[in-house]
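Features of the protein shown, as given by TrEMBL:
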type	residues	note
COILED	119-146	coiled coil
DOMAIN	2-82	domain 'GST N-terminal'
DOMAIN	88-223	domain 'GST C-terminal'
REPEAT	106-144	repeat 'HEAT'
Amino acid sequence: MEEVKVLGFWVSPFSLRVEMALKLKGIEYEFIEAQRPIKKCPNIIKYNPIYKKVPVFLHKGNPIPESLVILEYIDENWKDGTSLLPKDPYQRAIARFWAKFIDEKCLPEILKLCYDSNYEVKVKAMGELQELLKLLENELMKDNNKIFFGGENKVGYMEIVSILITYWLGVMQEALGVDILNKKEFPNICGWADKVISFSFMKENLPPREKLLAIYKEYAQPLVPPNNEINHTHK
């Protein structure tokens, strides 16, 4: 058996992306839970000295960081079985584009909303995130390239990448007590999320919601107005 290891953290959707891709491909691997704090974990510093974060994928001793890069490596190296990315070159390009959109546009706002202690920063991040989700909502409305639905009725690249939005975001907003992603404003995203989560493969591999929610309730910064604003509303 080839040496395949994943250095990750169970609460990370990015670590889970890599595990899901390996399971979908039927590749055996060893999961190594990173020590906390992750940025000071010796193995993380050794294998991912630039970003100092999970996941790190180890294949034959060669480290590869960043979940989107790892997913493409897995798809290219193990061609047998289920393909992660679409076969059509155009659809592959579009899938890569929207994956980067999730990680490079949506993720920074999600992190600010979840962990920043400044109320104004959090409110602005929530507004920015909703505007970004509108772009994704409109793209899903087109439904003309099928990249968001695995071609037809299967799990693929975008289903795996999307768990930040389709699963984690719902947990985060409940922990924070905010309403960002709802069926009234985002029926297409919510419908897509319901479909993604309904796949038996996804159900079997997603962490228990209540366990994840407990973590975010402990570490996320709630959206609470400054005292002077609260007092002002009662004058």
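Each residue, glycine too, has its Cβ placed from N, Cα and C.
Small disclaimer: the values here were computed from a predicted structure and weren't measured.
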In the same chain, residues at least 6 away from the ends of the repeat 'HEAT' (106-144) whose Cβ sits under 8 Å of its Cβ atoms read 98, 164-165, 169, 172, 176, 178, 180-181, 185-189, 191-192, 216, 219-221, 223-226, 229
In DSSP terms, the domain 'GST C-terminal' (88-223) comprises 102 helix, 0 strand, 34 coil
Across the repeat 'HEAT' (106-144) the predicted model averages a pLDDT of 93
For the domain 'GST N-terminal' (2-82), the DSSP residue counts stand at 33 helix, 17 strand, 31 coil
